[in-house]
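Chemist: The following block contains the structure, expressed as C-alpha cells.
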C-alpha cells in the first residue's frame, strides 16, 4: 500500500508530507487498518542494556519529536521506538524549508534544528500512550540559546523529567543543526558533560528504585583520534551504550544532486558506509559489555545485517522508512533472524 501512497507524498513539500504521513499512521491505528501497511512480525526477543526488546529493529529519533504518535509507530512492528530530540523549553527550530528529499540517492538532508514542543509536552504525550508494544527511548538535547558551558543544565532538566517514563534515554550531542552542539563530543567537554549526567542518573536510579539505561549518540564525521577519545571517555564513565551514528555533514556522495548544497545533516543510503565504519571502530575500542545501536543508511535487510556484523546489538532506521515504507521493518527483522539461525553464514553476535 505504501508504494501507492509514496508518489503522492513525494509530490508534496517534505515536511508537509512528514506530517500527513504521521496523521495517516494514526488513522490506520485508530481504525485497525495498520495490518494493511505492515506485516505481522513474529517475536524475536533481544536482551540488551538489561531490557528485553520484542525484536532488534527500532525507529530512530526525529520522526516523532514530541511523542505524539507512539501507539501508531509501535503498531508497525518496531521492537523499540525512540522519540525526540526534546529540549527543556519549546523551540521552533530553523526556518523552513529545512527538510529535503534526494530520491535519486535514497537520501534526506535536514536542518530541522531540534524543533519541538518542549519536554513537558512530551511527558504529557507519553503518559497518554496506551499501547507501548516495545521499548520506548527518549532522546534529549539542549536548547539552541543555551551556551555549551551550561549544556549540562539542559540535559539534566530533560533527564529528570523523562526518567520515570523512559525505558532508555539517549543523550544527543551529535546533531549538526544546532550551532556548536558537536563540540560537546570533544574529549574534555564530553567528559564533563557525561560525568554530570552519570551522577544524576545514579541519583535518579536511587530515587525511583529503577535504573534507566543512558546512551550517547555520536556523529559519523569523527576522526579516528576522536573515536578513540570518545570510546575512552564513555568506557571510563561506564555509560550504558552508544548509538552510532547521527547524520553526516559530508555531502560528497550526493554531489551533483540539485539539492546537494543545502545545509544540514545527510541521512539515508549515502551514510551507510561511513556510519558502519564508525560503528565498527567503536566496537573495537569500547568494552565488550557496552552495547551499540547501529543506525545510518539502512534501506534493506542486508543493510541491517551489515550493522549487526559490524558490532551492533540493535539497529534503527528512519530515512529507510521514508523511501521503503513500513515493510522495511519486517524485512530487517527477518533478515537478522535468518542470519541468527544460520551463524555459519556470517558473524552476527548472539542477540
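Using N, Cα and C of the backbone, Cβ positions are placed for all residues, glycine too.
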Chemist: In Swiss-Prot, 61, 62, 63, 64, 65, 85, 139, 172, 217, 245, 268, 318, 319 are given as binding FMN, so which of 32, 113, 118, 297 is in that site too?
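Modeler: Of 32, 113, 118, 297, 297 joins 61, 62, 63, 64, 65, 85, 139, 172, 217, 245, 268, 318, 319 in the FMN site that Swiss-Prot records.
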Chemist: Tell me, in order along the sequence, which recorded positions from 63, 65, 139, 175, 217, 318 have their CA within 10 Å of residue 246 (substrate binding site).
Modeler: 175, 217
Chemist: May I ask for the distance between residue 63 (FMN binding site) and residue 113 (substrate binding site), taken between their Cα atoms and rounded to an integer number of Å?
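Modeler: Here the two Cα atoms lie 13 Å apart.
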Chemist: Would you list, in sequence order, the residues of this chain other than 65, 110, 111, 112, 113, 114, 172, 177, 246, 247 that have their CB within 8 A of the centroid of the site's CB atoms, where the site is the one recorded for substrate?
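Modeler: So the additional residues around the site are 62, 85, 93, 175, 176, 178, 264, 265.
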Chemist: Roughly how many angstrom lie between the C-alpha atoms of residue 217 (FMN binding site) and residue 113 (substrate binding site)?
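Modeler: About 16 Å separate the Cα atoms of these two residues.
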Chemist: Using a 10 Å cut-off between Cα atoms, which of these recorded positions sit near residue 318 (FMN binding site): 111, 113, 172, 175?
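Modeler: Near residue 318 (FMN binding site) by Cα: none of them.
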Chemist: Take the Cβ of residue 139 (FMN binding site) and count every other Cβ within 10 Å, whichever protein chain it belongs to.
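Modeler: Its Cβ has 26 other Cβ atoms within 10 Å.
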Chemist: Among the binding-site residues 65, 139, 268, report those whose Cα falls within 10 Å of that of residue 172 (substrate binding site); none is a fine answer.
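Modeler: Hits: 139.
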